[in-house]
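As annotated by TrEMBL, domain 'U3 small nucleolar RNA-associated protein 13 C-terminal' applies to 665-799. The feature repeat 'WD' is assigned by TrEMBL to 106-139, 148-191, 192-233, 382-416, 427-469, 486-518, 528-569, 570-611, 612-644.
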Amino acid sequence: SSELPRYVLLVFPFSYAVSRKIEPFYKGGRVQVNRDGKFMFCPCGIKLNIIDIETGALLHSLEQDDQEDITSFVLSPDDEILVTGSRALLLKQWNWRENKCIRTWKAVHVAPIASMAFDSTSTLLATGGCDSTIKIWDMVKQYCTHNLKGSSGVVHLVEFHPDISRLQLFSSSMDYKIRIWDLNSSKCIAVLSGHFSAVTSLAFAADRNTLISSGRDKICMVWNLKTGETKRTIPVYESVEAAVLLPEKGEFSQLGVKNQGLHFLTAGSKGILKIWEVATAACIFTQAVPFEPVESKEEASERSLTHCMLVPGRNEVVTVSMEHNIVLYDAQTLQLRKQFAGYNDEVLDVKFLGPADSHIVVATNSPQLKVFELATSHCQILYGHTETILALDVFRKGLMFVSCAKDKSLRVWRMNKDGKVICVAQGLGHAHGVGAVSCSRLKESFVVTSSQDCTIKVWNIPESLTSKTKAVLISSPETLHAQMTERGHDKDINSVAVSPNDKLIATGSQDRLAKLWSCSDCSLLGVFTGHKRGIWCVQFSPVDQILATSSADGTMKLWGLQDFSCLKTFEGHDASVLKIIFVSRGTQLLSSGSDGLLKLWTIKTNECVKTLDGHEDKIWGLHSNKQDDMVVTASSDSCITLWKDVTEIEQEEAQAKQEEQIMKEQELSNLLHEKRYLKALGLAISLNRPHTVLMVVKAILKEIDGRKHLEENILRLRKDQKEAVLTFVVTWNTNSRNCHEAQAVIETLLKHETPDCLLQYSGIKTAVESLLPYTERHFQRLSRLLQASMFIDFMWQNMRLADASQQEDVTL
C-alpha cells in the first residue's frame, strides 16, 4: 500500500503544451478569397492573415516591418501578386505562398491608401488615396504610369473596366459620384451622378456596357455605359454595402430566378441577403436567417453586412458582418455552409461540448454564443439573449448546456446529432444579471443560478427537454420557472457549483464567504470563512468530500465538507485567482489568474508543479475535457487556447535522452581507454562536458610528445567544436590547477588560427575579456615563483661555497 501512492505520483500530469490557439484573425476591412477558393485573406491590424478555408488554420501571417496598420490590400486575378498598403505610406509586394516581401516602394500618396484594384491582366494596379488622388502602377516595369487628380475627398472605390482594351478606370469618392477615367488621355471622360450617399460597390454585366452601383442611400442604380445615363433606379430600403451580379448561365431557380436577364444580390444594414431582378426592380428572394432582421435605423447594427462577394471557385457567396463574422453560403440556395468568427472580443467563459468534446461553446462580450467545431473551425452563432452572456455550464453527456446573461435570464440549449444547436428552454426570474450557473451532475434534471441580486435559484428541467423522441421547435423554447429561491449572500454571488451526487450546492461571493446548501430545500448547511477578499470560484472535488475555493486574495483553499474547516491553502499567484478545476481524477488543481497565468498544483504536496504563460490578460474561462487530457482556457485578450497534457511525451523524450546520454558516456569511457583522443574530444564536446574535455586534454598532455598530439587534435576539430572548447578554456583558466591545460589550448589556437579567423568565433570578445585578467594573474604568480626559485638557487650556491671554504681551512 505504501508503494501505490508513489506509483500514482509518477503518472501525474506535470506539463501542458499549447495544442491550438483560436485568435482574432480579422479586425475589419475588405476580405478577399483566391481564385480556386482555398485561401481567404483577412486584414488584422499590422498583419494580413491567410486562412485555409477548409480547416480554418492560419497558413501565413504577413506582417508589416514598419508596425503600421494595413489600410488596404489586393490580390491579383491570377493569384500571383499580393500588394499591401500601410499607414506608413508604403506599398509592399508579397510572395504570399512563401511569406516573403519581394519589394517595397513609396506610395507617392501624401495620405494613406483607401482602396486598391488590379486590372484583368494583373499588370496594372490602381491605388485610391485619402489625398483625393489615384495612382496607376505598372507592376511589370515597376513604375507609376498615371496620377489622376480631380476626385473629392477619400477615394474609397476603384475598379478597372473588365475589357482591358478600353483602358478605363472607375472611381468613387466622398462627393458620391462615379468618375470614369480614360487611361490613354489620363482624363476624366464621364461623371455618373445619381447617388446621394457613399457608393459602396460597382458590378459590371457580361455585356460590358451595363454597370450596377450600390450605395448607402438605400438604392442601386443600373447604368448604360455607352450613354452615361441611368437605365433604372432600384430602391432596396436598406443601406447597401455590396451588390453582386449573378452569373447569367448559373442555375438560381431556388433563389426565385425564373426569367432571363440581369439579377443581382445585395448585402447591407439589415444583415440579410436579397436577390433583385433588374428588369422589374423587384426583390424576388429574401434569405431566411435565425434572428430578427435589423429594423431600419440610422446607426449600423452588429448584424449588418459590410462586404459580400461571389467565389466561383467554391460556388459560394461570402459575407462579412459588423461583428467580424465571415459566412460562406451556397450560391444556388443561400444555405449556410460555413462560418468563421474573425474576432471574439473579451472571452468571458468557455466549455467543451459534444459527447466526444468535439466542439467548444464560447461566451464573448456579446449577447450571442459561439459554438466552434474544433476540427474545421466552423462557428455557429446562437441568438437568443439580449445582453452580454456571463457564464456557461454543460451537462455531463455534453449535448445540453446552459447560458446565463445580464438580461436576467438563463437559456438551455441542445445539440442535435448533426452538430446544430438550438435553444430549448429559457427562464426568467432574477432581479439582476445572472452571473453564474451550474448544471446537475448525475442527470439532466436541474440547474442552479446565482445573481447580482444575491439570490440563488434552482430550476427543474422538464423530462420533455431531455427525451430524444420529442422534436423541439426552434421558435418555441419552453419557459422554466424557479422551484426554489434563497437569498444566499450580502454581496454579488460570483460562483455556484453542484456536488457530484447532486445533493449539495456551494456558492462563493464578494462578501469573502463560501456557503454550502442542501439541494433538496436550499437550507444552509455551513459557512466557509477564511479568505481575505471576495471569492471568485468554488468547485467540488470529484472524488473526496472537499470543496475548493479561489479568491481575489491570490490564494486557493481546500475545505472539508464535514466540519467546514480549512484543510490546505495554496499560495503562489500574485493576482486574483479567477477559476479553478480539479484534474487528474481529483489529485491535482489547475488555477487561472487575472495576470494571464495558469498554475498546476499537486494537492498531496501543496506544490505548484508547473506555471503556464499562454495569455496576456485575465483568464475567465477554464475547463477540462472528459478524457482529462485536454484543457481549454479563454481570456480577456480575445484568445481561446487549447492545452494538451504532454507529460507522457516529455517523460518519453527525457528517458530517450537519458539513455542516449548513458550510451555516449559509455562510448566516451571506451574511447579514453583505447586512447582515441580525437573522437573522445568530439564526443565530450557534444555532451557539453567541460570537465570531461579537460580530462581528455590532460590525458593527451601526459603522453610522450603530448603538446604535439594536443595541437594535432585541436586543429582537426570543427569550427563549432573549437568555439565550444574556447568557452570551456575560459572556465579552466580561472583555476590555477587547470591553467596549464587552458594555456596550452590557447597557445595552439593563437599559433595556428589567423586573427581574422579568430574574430569570426562566436563569443570571442567575451572570452578574451575573461581570459586576460586571469592569464595576467597566472603570469605574475609564475614570475614570483621563478624569482623565489632563483633566490633558493642563489642560497644553495652560497651554501655550497661556504662549505667548500671550510673544508679548505681544515686541510690547511
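The backbone N, Cα and C atoms fix where each Cβ goes, and this holds for glycine too.
Over the repeat 'WD' (148-191) the predicted model carries a mean pLDDT of 94. Same-chain residues lying 6 or more positions outside the repeat 'WD' (382-416) and placing a CB less than 8 Å from one of its CB atoms are 290-291, 348-357, 359, 361, 363-371, 422-442, 444, 447, 449, 451, 459, 461, 465-466, 472, 477, 480, 626. For the repeat 'WD' (148-191), the residues of the chain that approach it from at least six positions outside its boundaries are 114-121, 124, 126-130, 132-136, 197-202, 204, 208, 211, 213, 215, 217, 223, 225, 228, judged by C-beta separation under 8 angstroms. Taking DSSP states H, G and I as helix and E and B as strand, the repeat 'WD' (192-233) has 0 helix, 24 strand, 18 coil. Nonlocal intrachain contacts for the repeat 'WD' (612-644), taken as residues 6+ away from its ends with a CB within less than 8 angstroms of a stretch CB, comprise 16-24, 343-352, 357, 360, 362-363, 372, 374, 398, 578-581, 583-585, 590-600. Counting residues 6+ beyond its ends, the repeat 'WD' (528-569) has Cβ neighbours under 8 Å at 491, 494-500, 504, 506-516, 575-582, 585-586, 589, 591, 593, 601, 603, 606 in the same chain.
As a summary of secondary structure, the repeat 'WD' (382-416) carries 0 helix, 20 strand, 15 coil according to DSSP. Secondary structure of the repeat 'WD' (570-611) per DSSP (helix as H, G, I; strand as E, B; remaining residues coil): 0 helix, 26 strand, 16 coil.
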